[in-house]
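*Asks:* Okay, so Swiss-Prot annotates it like this:
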{"type": "ACT_SITE", "residues": "170", "note": "active site, proton acceptor"}
{"type": "BINDING", "residues": "1, 2, 3, 4, 5, 6, 27, 87, 110, 111, 112, 220", "note": "NAD(+) binding site"}
{"type": "BINDING", "residues": "74, 80, 112, 146", "note": "substrate binding site"}
């Protein structure tokens with residue numbers, strides 16, 4: 001929760017969760033309680049606490065929804081698969097704790113590479129006997145909002161009125177925007193090819209623009 005995505009997401013949730021909700025932030029970084037203290041000053045009816053250290057148990061107790069954004073971010077020249085060796089272990093450890101502390105929670109995996117971290121979490125939950133396919137999912141909405149933004153810009157439309165289904169997970173060439181299903185617009189073959197390529201490489205565009213300073217965080221938090 002102390003990382004770029006975690007902080008952006010925490011801000012969004014502090015402002016948008018229903019009144020009376022409890023929001024728990026967890027990170028191994030000691031700054032996490034400070035992030036929560038900062039966000040607690042926003043005048044919304046959402047209670048927020050931050051937890052730091054090696055054990056996520058206090059943050060997970062009683063959780064109905066768990067969003068996992070922990071892990072290392074991409075740097076220029078890396079693709080999402082390069083993150084596997086580090087991030088797979090992080091997701092595995094968190095899933096093991098979730099299986100014990102809040103086995104009935106809905107679990108959303110943001111940590112890349114999503115196409116492989118989600119199956120890892122699934123196997124951990126299966127081994128613990130608490131797997132429910134309805135309650136474990138990969139968060140790939142970023143590809144949808146990117147698609148809607150790019151299509152709207154190309155076709156001079158209101159981004160809020162454009163809907164683009166995206167399938168295939170969140171791993172480079174597997175990202176497939178279904179442009180033929182966008183209502184009210186048509187595309188040439190050249191536009192389809194160019195849009196698809198840009199959507200698939202949008203994450204790399206951000207990583208390179210940040211020049212080693214991180215990956216997509218604000219748009220991911222949204």
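Every residue, even glycine, has its Cβ placed from backbone N, Cα and C.
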*Asks:* For the residue listed as 'active site, proton acceptor', which of these binding-site residues sit within 10 Å, Cα to Cα: 1, 3, 5, 27, 112, 146?
*Replies:* 112
*Asks:* What whole-number Å value do you get for the CA-CA distance of residue 146 (substrate binding site) and residue 3 (NAD(+) binding site)?
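*Replies:* Rounded to a whole number, the Cα-Cα distance is 21 Å.
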*Asks:* By the DSSP assignment reduced to helix, strand and coil, which category contains residue 27 (NAD(+) binding site)?
*Replies:* strand
*Asks:* Counting across all protein chains present, how many other Cβ atoms fall within 10 Å of the Cβ of residue 27 (NAD(+) binding site)?
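*Replies:* Looking across every protein chain shown, the total is 22.
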*Asks:* So, three-state DSSP: helix, strand or coil for residue 110 (NAD(+) binding site)?
*Replies:* coil
